[in-house]
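Here the structure is laid out as C-alpha cells; the discussion comes afterwards.
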Amino acid sequence: MSRTIPGEDATRSDRGQPAPRRGPLVAVLHVLAGVAGFGLGLLPWLVTGLRLPLQNLWAVEVLPEQMPRVLLPFSQYALTLVLGLVVTGAAVVGLLARVRGERARVALHAGSGWFGAAVLATAQTAQVVADGLADDPRADLYLTALLAVTAVAVVLGLVVLVLLAVAPPAGAAVGGAFGALAAGIWLNALVVPFGSIASDWQTTLLGGARWVPAVLVGLVLAWCGLSSVGRVVAWLVDLALLWVVPAGLTAVSYATGSRVLLGQPAEAVAAGLQVFGAALSTAGVSWPLVLVALAVGLAGLLLRRVACFRGRATG
C-alpha cells in the first residue's frame, strides 16, 4: 500500500520527476520587477532621449545634442523632476508588493531591485557629470548639491515603498500621499517633456493634470477610512502634505530656476520663502487641491457606506 506524502504533488512534475524549486526564481522575478518599477519612474526622462541638460559650469562649450546621455536629469532646473521620477517608481513597486502575497518578502526583493537601480542610475549620472564639469570649486559644490537632492529622493522613495508595501492602512495612506504628489510631477513631465516648450494642447492637458494628485490623495483617503485614531491622523497628515508640498515645490522651482538668483544665494532663499508663503495662502496653488482631495475622500467614504448598507440589506 503506497502512501502519498503531503505536498508531493506540488513538488513533482506531471512525469513524476521532482519539480525545480521556484523560490529563487520568484525572488529574481521580484528583483527584476523592482528594477522595472524604477525604469517606469524614469519614463518621462526616457522620452527626452536622456541627454544631460546644458550645464552652466561645463568645461567646454557644446551644443545640446552633444551632451552625454545620463540616467537622471542632473540640473538645477530639474530638482523637482528628480524627486518625481524616483519616488513615483518606488510607489509603483510598493503598490505591487502590497497586492501580492507575502508582502514583506516581496517588498524586500522588489525593493532591493529598485534600490540597486537607483544607486546605479545615480552613480552613472554623477560620474558623467563629474567628468564634464570644469575644474572649479563651484562645480564641486554644484555636483554635491545635486547628489544630496538625489539621495533625499532615494531615501524618500524607500520610505514610500515600505509604507505602501507593508504598513497598516494609516501608514500606507501617508505613503500613498507622497506617491500621489510624485505622480503629479511625473505626469506633468510626461505631458511636457523636460526642456521642451508646451503646445496649446499640452497646456490644456497640464491644466487637467494638476488635479491628479488631489484626486489620488482623495482616493487614498477613501480607502483608508476613519475607523481609528491612526486613520484620522493619516487624513490630517495627507491633507497637510497636499497643502505644503506643492507650495514648497513651487518655491524651489522658482528659486533654482532663475540664473540671476542662483548667483545670489541669500536672495534666492528670500525669494523662495516669499513664493512659498504666497502659495500657502488661500489664493495660492495648494488650497484648491486640499479641497478637491477632501471632497473625493468624503464622497468615497459615503459610497463605501452605501455599498456596505446595501450588502447587509441583500444579505
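Placement of Cβ uses the backbone N, Cα and C atoms for every residue, glycine included.
According to TrEMBL:
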TRANSMEM  25-47  transmembrane segment
TRANSMEM  77-99  transmembrane segment
TRANSMEM  106-129  transmembrane segment
TRANSMEM  141-166  transmembrane segment
TRANSMEM  173-196  transmembrane segment
TRANSMEM  208-226  transmembrane segment
TRANSMEM  233-255  transmembrane segment
TRANSMEM  275-303  transmembrane segment
The transmembrane segment (106-129) touching the transmembrane segment (233-255) per 3+ Cβ pairs under 8 Å rule: no
For the transmembrane segment (208-226): best-contacting stretch of 25-47, 77-99, 141-166, 275-303, by Cβ pairs under 8 Å: 275-303
